[in-house]
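This report refers to the structure that appears directly beneath it.
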């Protein structure tokens, strides 16, 4: 099993490395730009200040712990995402790539969401996942779905609503690579029903063609 996990991880790394060539983020103009929060003697590049290259260390490109499962009990959906974006790994700044581990309790769901700045490529390591994405209005909001098993890979195009559901009786986990150092996450239900300040219930009731009381209930759930 350890060998299988290792081979799957190598496969995903190879796939995600190919995303760099066509990454959504701007191409870097230097070898690296390790992000810092202190602007003193820094240069602002692509959303972050760069550390002085003479002060950069190997740890700036290192992130430990993806061998440990996330806490799926902490969310009502029974899923957990461990991101390795530029905020967690400063060395990713300007490199146009990031990574994540996704864990699922039995029948756990990573609810419909989008990454506004990155394409996602996912490989299942353990368990079975029902995954899918919805195309834009231009393509008639077509739903594309697939059941994935260990070793299977699926890609979610940038900006498309997508989800992953554990359809097995045991735990599941997967790794994902994304074509941005900071792909962003917009969870659809949270954004629509839990915005601050809230979107008018009249607007949402008309948009979803439901009674206003239904909208008010959902806004309370997500507030």
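Cβ coordinates are placed from backbone N, Cα and C, and glycine is handled just like the others.
As given in TrEMBL:
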type	residues	note
BINDING	110, 115, 120	oxalate binding site
BINDING	113, 115, 120, 162	Mn(2+) binding site
DISULFID	33-50	disulfide bond
DOMAIN	64-216	domain 'Cupin type-1'
SIGNAL	1-23	signal peptide
- Close in space but at least six residues away in sequence, with Cβ under 8 Å from that of residue 162 (Mn(2+) binding site), the same-chain residues are 112, 113, 114, 120, 131, 132, 133, 134, 156
- Take the C-alpha atoms of residue 115 (oxalate binding site) and residue 33 (disulfide bond) and report the distance between them in angstrom, rounded. 23
- Task: Starting from the Cβ centroid of 110, 115, 120, which together make up the recorded oxalate site, report each further residue of the same chain whose Cβ lies within 8 Å of that point, ordered by sequence.
- Result: 100, 113, 114, 122, 156, 162, 164, 176, 178, 183, 185
- For the domain 'Cupin type-1' (64-216), provide the mean pLDDT of the predicted model. 97
- Query: Cβ within 8 Å of the Mn(2+) site's Cβ centroid: which residues qualify beyond 113, 115, 120, 162?
  - Reply: 114, 118, 133, 156, 160, 161, 183, 185
- Cα separation, residue 110 (oxalate binding site) to residue 33 (disulfide bond) (Å, whole number): 32
- Around the Cβ of residue 50 (disulfide bond), other Cβ atoms found within 10 Å total 22
- Nonlocal neighbours by CB distance (under 8 Å) for residue 110 (oxalate binding site), same chain, sequence gap 6 or more: 77, 79, 81, 102, 104, 163, 164, 165
- Task: Provide the number of Cβ atoms within 10 Å of the Cβ of residue 115 (oxalate binding site), excluding the reference atom itself.
- Result: 24
- Query: Per 10 Å Cβ neighbour count, which of the recorded positions 33, 113, 120 ranks highest?
  - Reply: 33
